[in-house]
Amino acid sequence: MEQGGSGYRIEIAPNNRAKCKGSLCGRSKILAGTVRFGTFVDSGRFQSWAWKHWGCVTPRMLKNIKNRLGEDDIVNSLDGITALSQEWIDKVVDAINEGHVSESDERESRKLGEKMNVNSQKLKTSSPPKVVRKNKRHHTTVKSVLSDSDLDAEFTDGSEAYEDD
């Protein structure tokens, strides 16, 4: 883990490309200028960072950070923390020591998730989708996707599908 150091990193997002791996925000994009928390991932084929909004960091992650880095010198052990403002450094150290992020940061992540849910709601259709298939005898089968049996299938005469040209 030569690139990852401790395996954890906190920084200000330089761009809007990363998506949050947390579920609290609905996996929304991490906007440029916001604080993000990364976990180093080494899959064998590639190495990368899995990013989360600071408000999406779970108590279990904070416990693992505390166990790996120790309580004594979090500021010197956590990658990227020294580039943050003193206010954010205090916030991060307090969260690691307490075992959870502050309520206000969690609220911000929940707001992102609510915005995403409102924007991504789809209109409900009145009828379920249908699948149309042709079998070997050129019969057209129309069947509801939701039905489990062929009892709902409708058969038509195959002669109308193939007329002389």
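Counting begins at 1 with the first residue displayed.
Cβ atoms here come from the backbone N, Cα and C positions, even for glycine.
Record features, source Swiss-Prot:
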{"type": "ZN_FING", "residues": "8-100", "note": "zinc finger"}
{"type": "COMPBIAS", "residues": "100-114", "note": "compositional bias 'Basic and acidic residues'"}
{"type": "REGION", "residues": "100-165", "note": "region 'Disordered'"}
{"type": "COMPBIAS", "residues": "117-128", "note": "compositional bias 'Polar residues'"}
{"type": "COMPBIAS", "residues": "131-141", "note": "compositional bias 'Basic residues'"}
{"type": "COMPBIAS", "residues": "149-165", "note": "compositional bias 'Acidic residues'"}
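As a whole-number mean, the pLDDT of the zinc finger (8-100) in this prediction is 92. Counted with DSSP, the compositional bias 'Basic and acidic residues' (100-114) comes out as 12 helix, 0 strand, 3 coil.
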